[in-house]
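To start, the structure under review is shown below, and the notes come after it.
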Amino acid sequence: MTTDINGTALAVFIFFFVLVTVMGFVASRWRKPETLAHIDEWGLGGRNFGTWITWFLVGGDFYTAYTVIAVPALVYTVGAYGFFALPYTIVVYPFVFMVMPVLWKRAKDFGYVTAGDVVHGQYGSRGLELAVAATGVIATMPYIALQLVGMTAVLKALGLHGELPLAIAFIVLALYTYSAGLRAPALIAFVKDIMIYIVVIAAVALIPSKLGGYANVFASADAAFQAKGSGNLLLGGNQYVAYATLALGSALAAFMYPHTLTGIFASNSGKTIRKNAIMLPAYTLLLGLLALLGYMGHAANLKLDSANDVVPTLFKTLFSGWFSGFAFAAIAIGALVPAAVMSIGAANLFTRNFWKAYVDPDVSDAGEAKVAKITSLVVKVGALLVIIFLPTQFALDLQLLGGIWILQTLPALVFGLYTNWFRAPGLLAGWFVGFGGGTFLVWDAGWKPLHLISLGGEPFTVYTGLLALAANIAVAVVVNALLPAKAPVRA
């Protein structure tokens, strides 16, 4: 289970992990309500998070441990194309500023907890509600599993191998999430985000000085790409359209996920959400700096088993033991916060849009909270089992599909905020075409999220999620136009 352990790094790592564990259990008494036996309190923190709590929570939830590992890994592998995450996390915030306060008000006014609640309230359709809820759950499961991939990379760099350390970390996470609900990741997010800022700023300031400066970093990366015949410091060929459509599609999908919507619904006002849409791009700046670590991996001449090892190996090689332990703790804690919120978001969906809708319509508030707590445990265990017993590539493929799938819920969730013209049968038909068609196109392309199309005789590579969304909307419009008019049902 252990090899090549740096005692100082491990001690620092354990200290911060224990610190956030204590904070997780203390969180049940932070901003304590009369009772946590209500899904509004356990699953949404009482809908009372202000600007700063929301900023740390959404930032900690959106910019995950896997982001810290995967973005530099992608840049290390393909170069400039890996920077698509920057425009994606810029374009998303005007969308958040305009749409999310409207969605928050709808949820607040009618007591909705999930996207499925909003859809059922707008259209009165259990079928459409179930489609949206099921999509949210299955898109979230691999996302949680990938947080474990990020944590595994860190544990490996610490010299801890095997499943036991990972299982212990997730058991601890499960226990304090069960106890405190959304308050636990909200409180821990303060520590996680501050630690990540310190690590990334220190890395981009100190590491280049040890590698001959940024000129040498870029020159080394360019030489590495030229030597292997793939990747580049600049976009080329037909990458521009692929880059732009991937960024746009990812931006539209980002706040359709249950975990990001949970952060929105937990806010105390639409004004808080708008302030966060203005402030959250600070994390995008951090992400841009983080991506540069991929180029630094080439300058450091790292020998890697996997591109996902570039950040942990870089820190282990170039930082002192105590700071590498601090950095590894920041990344590991960066897995705990989003994993907790994701499991809560998935649990809320199951409880409200399956259990209450089909199993026990008269379930009490306390019963709802109990079902959500148990479901959150099951979700975490499921994600852990995926990583332990299935190839990591399985989780990666599912996550790739998850982004395309969750994007297909946008018409049902967002269009009804602005117009009553659309109706459930059309939206459900559109969802089915987008979901099925997007899945087929990804499979047909060899499990790649990009598809080659021809316009005016010119070939373009386009993000499959946007193609599926276009088909989704087109089908919804056509079917809706053929249906007799019917007033919306909002309850």
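Including glycine, each Cβ sits where the backbone N, Cα and C put it.
Per Swiss-Prot, the feature transmembrane segment maps to 7-27, 55-75, 83-103, 130-150, 187-207, 246-266, 277-297, 322-342, 374-396, 400-422, 427-447, 465-485 (among others).
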Residues of the parent chain within Cβ reach of the transmembrane segment (374-396), under 8 Å, 6 or more residues beyond its termini: 140-142, 144-149, 152, 163, 166-167, 170, 173-174, 177-178, 339, 342-344, 346-347, 350-351
Stretch in 83-103, 130-150, 187-207, 246-266, 277-297 most in contact with the transmembrane segment (465-485), if contact is a CB pair under 8 A: 246-266
Most Cβ pairs under 8 Å with the transmembrane segment (83-103), selected from 7-27, 55-75, 130-150, 187-207, 246-266: 246-266
Intrachain neighbours beyond the transmembrane segment (55-75), with Cβ under 8 angstroms and 6 or more residues off its ends: 49, 81-83, 85, 89, 146-147, 149-151, 153-154, 182, 185-186, 188-190, 192-193, 196, 254, 259-260, 262-264, 266, 276, 279-280, 283, 286-287, 290-295, 297, 306-308, 310-312, 331-335, 337-338, 341-342
Best-contacting stretch, by C-beta pairs under 8 Å, relative to the transmembrane segment (187-207) and drawn from 130-150, 246-266, 277-297, 322-342, 427-447: 322-342
For the transmembrane segment (246-266): best-contacting stretch of 130-150, 277-297, 400-422, 427-447, by Cβ pairs under 8 Å: 400-422
The transmembrane segment (427-447) and the transmembrane segment (7-27) contact flag, 3+ Cβ pairs under 8 angstroms: no
Beyond the flanks of the transmembrane segment (322-342) by 6 or more, those residues with Cβ under 8 Å of it: 6, 8-13, 15-17, 20, 57, 60-69, 140, 143-144, 147-148, 150-151, 153-155, 157-158, 169-170, 173, 177, 182, 184-185, 188-189, 191-192, 195-196, 198-199, 202-203, 257-259, 262-263, 311-312, 315-316, 379-380, 383
